[in-house]
Amino acid sequence: MGLEINTLAIIPIMAQQHHPRAIEATTKYFLTQATAAAMILFASTTNAWLMGEWEIHQLSHPLATTTVMLALALKLGLAPVHFWLPEVLQGLELTTGLILSTWQKLAPFALMIQTAPTINSSLLVAIGLLSTLVGGWGGLNQTQLRKILAYSSIAHLGWMVLILQLAPSLTLLSLSLYIIMTSSAFLTLKTNNALTINTLATSWTKSPTLAALAALVLLSLGGLPPLSGFMPKWLILQELTKQGLPLSATLAAMTALLSLYFYLRLCYALTLTIYPNTLTATAPWRLNFTMITLPL
């Protein structure tokens, strides 16, 4: 019921633009979320029928646990059921996209953390690795910033699912940092009014400070060492190695390089390119000076 109320509550916010693209995104979102909720209901009923147990912590039948995991993956936008997320996010404005990428992940994640001990660990690792790969691979060929952030979301959630069963506290740490960094990314893009990579090139003429901040946020999302986004990835890789999963850790680290490529591409467009016909001397921040007259 909570999941359904959550879905129905955000739909008017998503459709408030009255634009065909926004209505299309809202419809896609509603259909996927309703399907996932129906799958969760089906899985819990199946578990009660076969095992005689309604408790969410006692999902013991393989059919029920697998169905619940796939339904929650559909709700969160994890691979291989991620196809709706980039399309939906692309149809929304940045503020609504921010809500969809952060707040809307909390309820399914709460359920996933509760059901994780009973889910097959191989399935969790497979979904996590596939999500990090799809999140990195899908963002390479994009020019729309909202789609790039959608693939970034898929990759980050993949890292969280990868470590979910071994160290839930690390998952919560990753989720917290992801929410902070994604909120910063969406808000800086909204302030710059940037929707594509091309429009990023004019950001530094509007506000150099904001452009530098946006670049730092993007590098942090990419997981470069001095920044906070590196910490959860480092700890997750360390934990995977400790638990005897060095191959999974290596594959996850390799897929992170794919994501890092498009984050660096955004930083390059943001800080190292000069837009045509934009003279440094005519940048708005250069013109806010007061004439001082010196006495002869």
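Each Cβ is built from the backbone N, Cα and C atoms, and glycine gets one as well.
Just so you know, TrEMBL annotations are computer predictions that nobody has curated.
In TrEMBL this protein carries:
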DOMAIN    1-258  domain 'NADH:quinone oxidoreductase/Mrp antiporter transmembrane'
TRANSMEM  30-51  transmembrane segment
TRANSMEM  63-85  transmembrane segment
TRANSMEM  118-136  transmembrane segment
TRANSMEM  148-166  transmembrane segment
TRANSMEM  172-189  transmembrane segment
TRANSMEM  210-231  transmembrane segment
TRANSMEM  243-264  transmembrane segment
DOMAIN    260-294  domain 'NADH dehydrogenase subunit 2 C-terminal'
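When pLDDT values are averaged over the domain 'NADH dehydrogenase subunit 2 C-terminal' (260-294), the model yields 69. Across the candidate stretches 30-51, 63-85, 148-166, 243-264, the maximum count of CB pairs under 8 A to the transmembrane segment (210-231) is reached by 243-264.
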